[in-house]
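Q: Below is a structure I'd like to ask you about.
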Amino acid sequence: MATSNSKPTQVLLATFLTFFFLLLNNVNSSDELSFTINNFVPNEADLLFQGEASVSSTGVLQLTRVENGQPQKYSVGRALYAAPVRIWDNTTGSVASFSTSFTFVVKAPNPDITSDGLAFYLAPPDSQIPSGSVSKYLGLFNNSNSDSSNQIVAVELDTYFAHSYDPWDPNYRHIGIDVNGIESIKTVQWDWINGGVAFATITYLAPNKTLIASLVYPSNQTTFSVAASVDLKEILPEWVRVGFSAATGYPTEVETHDVLSWSFTSTLEANCDAATENNVHIARYTA
């Protein structure tokens with residue numbers, strides 16, 4: 001009579017079942033994207049560039065054009081992370097929470113005349129720079145496209161203010177939360193330091209639909225913070241790309257927009273009941 005040792009088979013089966021249930025739990029529990037870029041490299045494979053954005057030989061992400069160390073007029077550029085982010089789930093109704101941090105420098109030849117700032121933003125994966133989006137529009141909007149069709153949420157770091165020309169714009173440099181247009185829904189004054197390294201953190205708390213932006217200059221430990229209620233599910237498509245945009249303006253109103261480092265993490269918690277009803281699925285973005 002043939003005999004066999006069943007212990008290895010039992011161990012193998014137990015290992016398989018453990019792996020299966022871990023995988024099943026992971027699919028049901030969250031959909032996550034996380035990355036950290038401590039130093040940019042030319043021709044960065046993980047980034048998509050639009051306009052005049054580029055990476056310098058020293059590993060700095062330059063969002064607008066710089067020639068011989070000098071910022072140039074009427075320049076606009078974007079840099080986005082190549083992999084799309086699933087910001088909400090059409091099947092379960094769940095919305096992602098995210099947090100991003102980055103260090104940056106804005107430097108102007110004349111600190112009394114600056115233009116125009118930079119922004120972190122979320123937009124449809126195929127979003128492109130609109131025409132006429134230099135200067136105050138930060139490469140995101142123009143004078144005729146401030147409506148819900150944009151599907152853009154941004155946090156602007158605005159260095160230019162011209163309240164006499166644009167009554168909606170605060171009469172101070174500011175951090176603003178933008179929804180589908182350049183007129184911010186909430187702002188806080190920002191005491192910009194010319195050439196200073198700033199550390200910014202932007203967080204979205206999905207359970208209470210709150211977008212929070214804060215900025216600190218390590219050199220003086222002054223913190224600026226603003227928050228607003230934003231329903232990403234009502235504004236953005238299911239999949240987005242995240243990144244930066246910046247623009248300069250008139251010949252004398254220029255500055256550099258340099259990003260030194262960047263990290264991002266998003267987690268989309270699944271609705272287990274809905275996932276069970278609709279069978280387990282692994283999400284993939286298709287263009």
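Placement of Cβ uses the backbone N, Cα and C atoms for every residue, glycine included.
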Q: Of the residues N28, N208, which is given the N-linked glycosylation site tag by Swiss-Prot?
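A: N208, according to Swiss-Prot.
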Q: DSSP on E156 (Mn(2+) binding site), three-state: which is it?
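A: The three-state answer is strand.
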Q: Using C-alpha atoms only, work out the spacing between D166 (Ca(2+) binding site) and N142 (N-linked glycosylation site) and round it to an integer in Å.
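A: That comes out at 14 Å between the alpha carbons.
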Q: For the binding-site residues E156, D158, D166, D169, which one has the sparsest Cβ surroundings, going by other Cβ atoms within 10 Å?
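A: Selected from the binding-site residues E156, D158, D166, D169 on minimum Cβ neighbours within 10 Å: D166.
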Q: In whole Å, note down how far the CA of N142 (N-linked glycosylation site) lies from the CA of D158 (Mn(2+) binding site).
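A: Rounded to a whole number, the Cα-Cα distance is 16 Å.
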Q: Within a 10 Å radius of its Cβ, which of these glycosylation sites (N90, N142, N208) has the fewest neighbouring Cβ atoms?
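A: The glycosylation sites N90, N142, N208 were compared, and N208 has the fewest Cβ atoms within 10 Å.
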